[in-house]
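Written below as structure tokens is the structure these notes are about.
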Amino acid sequence: MANNATAYGTGADLQNAGMRQRGAGELSAAYAPLPTEEDVSKLKKKSCVSEVQKSSGIDIESILAPIIFTLVSFWTRLHRIGESNIVTWDEAHFGKFGSHYLKREFYFDVHPPLGKMLVGLSGYLAGYNGSFEFKSGEEYPPELDYTYMRIFNATFGALCIPLAYFTAKEFGFSKKATWLVTLMVLCDNSYATISRFILLDAMLLFFTFTTMLCFARFHNLQKKSFSIEWFFWLVLSGLSIGCVCSVKWVGLFATAVVGLYTVEDLWNKFGDLDMPVFTYLAHWISRIFGLIIVPLAVYMASFKAHFVILENSGPGDAQMSSLFQANLKGTELGNSPLEVVIGSRATLKNMGYGGGLLHSHVQTYPEGSGQQQITCYHHKDSNNDWWFYPARDQPAYDPESDEIRYIGNGDVIRLIHTQTGRNLHSHAVPAPVTKSDHEVSCYGNLTVGDNKDHWTVEIIDDTSGRDYSKLKTLTSSFRLKHTALGCYLKAANTNLPQWGFKQIETTCTKKNNPKDKFTHWNVESHWNDKLPKADVKAFKSPFLKDFIHLNVAMMTSNNALVPDPDKQDDLASHWWQWPILNVGLRMCSWEDKVTKYFLLGNPFVYWGSTASLGLFGLMFVFYLIRWQRGYDDLTLDDIDHIHYAGLYPLIGWFFHYFPFILMGRVTYVHHYYPALYFAILVFGFIFNHVCERIPRAIAYTLYASAYVVTIGLFVLFSPISFGMTGSADQYSYLKWFENWRIS
Amino acid sequence: MSESPVGVRQRGPKKKVGNGAEYSSVPGGSDDELLAMSIKAPRHVQSTGGRGYKIALAVITALAFVTRFHRLGHPNEVVFDEVHFGKYLEHTYFFDVHPPFGKLLFALMGWFVGYDGHFKFENIGDSYISNGVPYVAFRAMPAMLGALTVPVVFLTMQESGYSLPAAITAAMLVLFDNAHIGQTRLILLDATLILSMACSLLCYVRFYKLRDQPFGRKWWKWLLLTGVALSCVISTKYVGVFTFVTIGGAVIVDLWNLLDYKRGLSLQQFGQHFAARALGLIIVPFFFYLFWFQVHFTVLYKSGPGDDFMSPAFQETLADNALSASSITVNYYDTVQIRHKDTKAFLHSHAQNYPLRYEDGRISSQGQQVTGYPFNDTNNHWIIMPATPFPEEERLNRPVLNGDIFKLHHVLTNTDLLSHDVASPYFPTNQEFTTISMDKSYGERHNDTLFEIKMEHGKKEAELKTLAGHFKLLHVPSKVAMWTHSKPLPDWGFKQQEINGNKNVAQGSNIWYIEDIPSMTEADERNSKEPKKVKHMSFISKYLELQRAMFHHNNALTSSHPYASQPIQWPFLLRGVSFWTKTDTREQIYFLGNPVGWWLASALLAVLAGIFGADQITQRRGLDALDRRTRSKLYNSTGFFLFAWASHYFPFYLMGRQLFLHHYLPAHLASALVTGALVEFIFCADPLEKEVIDKDGKKTYVAAPKRSLVGAWIACGVISAAVVACFIFYAPLTYGTPGLTVEQVLARKFLGYELHFAK
């Protein structure tokens, strides 16, 4: 009996499991059965096939429309592009960064390098030598073909329009909705304006658009998994993701959309019990390759190129490790002897991000011990120089003798400040700011002093090998342990008050944390006449380390771009102002003689797209409630369409918008532009969805009026994109609201 | 987000997520009945094992009172943040970022014992004895609430249908938790918060169990009680909003299921369900919440230390307020002293000029200096002159109105205030303020001497009053606001403050007011006005103003505190807070949870997440490891506790303000519930019911025969023993006595527990 029951039970279980999987059986009693999942895929296939057939047939629209749209878009992006001959808005930054590539000088910036390298390329093609300073508002010199550089950039902006067209097509929008989406991208004044200058935004938009096109195309190819075409678009998605992330980190949000889609897709396939395990694994592997490895390779390649091109020392040196700097041309760093010995003069750099050089000066602490201050300081001067001296209980250093005494892991030394002759010293006095640490001071001289001047060298790492018996310039990272107190020399990013000239507080921390980068030091510059200069090859800096270091430094600086409450910033705006087009941005000075550009969107595009987000939400809830009440409004095709062509763009909008709400940094209107594209797609979706369900006459009227309003408003507002000459007061008719500071 | 559409296409899996098992095609197995069964089952158990529950409840409650009241009078000094009482008893207005309910409870206690509220509790270590404060009575209140929390936890488990060992385990984790005890035997708001939060969960569970009798008397009772409990949470601290999220989430799931057409409810009936919940869980709590504010305003009718946080209009509603007593209308041609609200500096000028060149090389206009000077001085005297002089005979009694444009005339140097497009000494972005001679002022530079007055919250054309009227002074041509900051000028400016034109007009530090009118004579009729009455302001506008100020200041609590911690540290109990120390007896109170209890609870949260994940994955692959009632209970009940934990924990990651370990206590309570539930789930392998298939191939479900609870009892015993042992070990740090030797301190010091007297 028991056996029987078990047997029955198992059978029933299977039956149940199947039912749960499909989950449609339950409806059978009262309602017409919904198709099972297999039917779904069949239906989908059918619809896709018919779509493909449609598009592969000769359809004049599908050839002519993109061509016409592209031509018009080039006109809108290039018309009067050279009108303003002054450095406009952030051209001051990105033009300058482009110049650095031409001069091949190392610089530091918060954005990844691809976009700026492209700017550099445009300058190179324009025959520009990189000598212009790109000061904001300054006139371009005659030899600099800024028009060419702008055209290069505008090409990216113009190509967004055909991309939008094809994406809308791939999303299965009707012709009219496709045109609407394309027109909205084409006739948005903010897109048109931002594409006309030497900025990164046109490129960012371009790669965001390509990512969405790849997403849509790839989804349509799901039925042809593992075909050549499928692989082609998978890799193309990966390249596109790699590029968008290499232009600005905002690209990560586009990546997140594709990532979410992939996770969902794999989860769905996981539930497909008919799929062989190997096929499923192959799905995973191909996605890992296409969507993780390829983008990462692109991203890293852009940094590799960045390092290769920027081979000279430049303004960004200080952000990088000493070892990296030693490899740049034009620095003294590479000319040092390799091994540090007793009697060497050297500077010590803190290896934490943003760390400075160990520094002392004659000023004393106003509190605590009252002894001479020790700080960390980025500026290079002779107060950063230290002598390596033997501990007091060891034979004294004799400058005349030729004996060379190497310093190894665990050796006890003294450090003597060359300018004042005092010893690096610590004692059980609380540090001035970080009270829990010991104070570090400079005390005594060659003869006066005690064992509290002693420091033990603990080598943590050496990029040149595992040999820790000799402390080496640049390559060794070491900690300095106070021999008597057992604490570690540390300089975190705490600034001293005015009496310490706002330099970085240097303390001796009681925590023994070998991973704490702020307790790691390396010898940066090193002078010793008795030793030969090191072979430059000894200072090879591993790419991966530099890559990670630079990325962390970028992140740190990006987070540091917080709004200063005391500083007023006319240009900054808040997240809530963007979707409702509450504010615009003056891109240049507002004098009469200047050609003025005002960064403001097409009101219809902004308000319409924002409203569509809410409408989509309402529609979604409406259908959901109807479904829960047992109504069968939508076919499976409709549901699939809502899911991929409506919901995913909405998620994309959310991903591109929401982080800016949380972000503490200063935000500007152009941060909304990638999100706007997703909102436009949702708008297109709503139009498409609604107009299929209402009488044709009304639908046509709606479409026609949307076209007219979009184009009309673009034309009306075109002066702000094409440049306003003369007094701004002539354009006061465009100032619909107080915050649109056009006049 | 992507889940829903999947659900749309695959109805089954979606339902599973929401409701646990879905077997609706099977007779007698509809979702609702299933749930009802799982709920009814415990009643059945209760009838057999009811006595066990009762005894356990009594013992646990007694122990809770013992642990909370043990040595309540020690220490007899202010510990940590014990500042919340007495405030109401003096009826003077004060400001605090927390809503009034918790503080009113303390005031009630103080009123019972006849305390007058004279002691201000400003420093940790102030003696209660020498100040004559009935502090034991005050502490008894939170201790009682804290003790009551434990039986509520037990009852929540019992009502949710868990076995006795499971309920005991959950209660033990709270009963012998050093953090719960430590926080609730001090005069702090958290005891009120945690008890109300626990009651909300209990009431909602009771309410949910009554689903088969909707709109019945009991159903309404528990719905309204849930609402009241919720209201108490949010009226104590704003983190109570997380409890709303918890209950709200459960209500939404419940409503969604009611909406299902298979439930057979008409839309009208559904509407009633919806409206009842909206009434019970939103409207009633909100009015309750407002009620406490009304009490707050009624009790605090006198002016007090909180005045400065409120607007002048609000302050005028308070009795013996300096503002309502002495504010006077300002007229044109009055000599006035203008004072900066934040730095208290007067607008000042003197016969010295700006240096030609500043230290950084920028050049000034070399005009007469205009500075901020904090002391009374005749150089602070300015006359308010109309932009165009009034006819001689109409100059008297013309009040200055909001939005007026006027000039400011400096009396001693006979010059007029002016601003122009020259950078100020310290701020290249801000405009310089200076003065110019009368002939220029009424000649070529006339426009540059015009200023517009914009009063804060002022109606159009409201009269400017001394003290009460806060305003910004905008330079008419350039639209900058007069501003000053505390950094003193170099020696050439006599270390006085810089005055400059701030382009960011909206900035809060641009506010000035008229301190007094030195030119006013004794005979002036403005003096002879009868003293003003206390004004009235509608409750709603008072409430809205206070609410705004509270949110503003809550967000402003960003300064660092030595014992502040990060949310990520809490579940792992990486560090605590030093509450109080006494050097001579080596006693200290270190606020810390029971490490064994916390780590166990946190580990089991991860285990539960793992069980959910594994169950989802196996189901996705068509395998089924759980019987339907076990799954239903796991998702609906244990899942609800997990959701309560998550919604009381994760939002802290988004908060910018300083955070402390005690913010985790509500979440810890939820994690204790999860622990209890999982003890039963893990150690009770028997399924809750068996599936029987009869001859026709129909499935029916039979409740499993009596399940063996041996495993659960053993687990409960082991956990309880470990928790009690750990509690006793850390008790000296919780009760602040006895003092510990160095070795004893060191034995308790690990991770980031910064204990005192370790040397």
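Just so it is clear, glycine is given a Cβ too, placed from its N, Cα and C backbone atoms.
Heads up, TrEMBL stuff is auto-annotated, nobody curated it.
Feature list (source: TrEMBL):
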type     : residues  : note
REGION   : B:1-26    : region 'Disordered'
TRANSMEM : B:52-70   : transmembrane segment
TRANSMEM : B:97-115  : transmembrane segment
TRANSMEM : B:136-156 : transmembrane segment
TRANSMEM : B:162-179 : transmembrane segment
TRANSMEM : B:186-208 : transmembrane segment
TRANSMEM : B:228-253 : transmembrane segment
TRANSMEM : B:274-293 : transmembrane segment
DOMAIN   : B:327-387 : domain 'MIR'
DOMAIN   : B:461-517 : domain 'MIR'
TRANSMEM : B:596-614 : transmembrane segment
TRANSMEM : B:634-655 : transmembrane segment
TRANSMEM : B:667-688 : transmembrane segment
TRANSMEM : B:709-731 : transmembrane segment
Exercise for the section: List the helix, strand and coil residue totals of the domain 'MIR' (B:461-517) as derived from DSSP. Expected result: 6 helix, 27 strand, 24 coil
Practice task
Run the contact check on the transmembrane segment (B:186-208) against the transmembrane segment (B:274-293): 3 or more C-beta pairs under 8 Å, excluding pairs closer than 6 in sequence.
Solution key: no
Handout entry: Integer mean pLDDT for the domain 'MIR' (B:327-387)
Key = 87
Handout entry: Cβ-based contact of the transmembrane segment (B:596-614) with the transmembrane segment (B:274-293), 3 or more pairs under 8 Å
Key = no
Exercise for the section: Could you check if the transmembrane segment (B:162-179) is in contact with the transmembrane segment (B:228-253), meaning 3+ Cβ pairs under 8 Å among residue pairs at least 6 apart in sequence? Expected result: no
Handout entry: Proximity verdict for the transmembrane segment (B:274-293) and the transmembrane segment (B:228-253), three or more C-beta pairs under 8 Å
Key = yes
Practice task
Answer with yes or no whether the transmembrane segment (B:667-688) touches the transmembrane segment (B:97-115) by the criterion of at least three Cβ pairs under 8 A, sequence separation 6 or more.
Solution key: no
Handout entry: Counts of helix, strand and coil residues, the domain 'MIR' (B:327-387), according to DSSP
Key = 3 helix, 30 strand, 28 coil
Problem - Intrachain residues whose Cβ lies under 8 Å of the transmembrane segment (B:667-688), provided they are six or more past its termini - result: 38, 41, 149, 153, 156-157, 160, 162-163, 165-171, 173-174, 177, 179-180, 194, 197-198, 201, 570-571, 593, 597-598, 600-602, 604-605, 607-608, 611, 626-627, 629-630, 633-634, 637-638, 641-642, 644-645, 648-649, 703-704, 707-709, 711-712, 714-716, 719
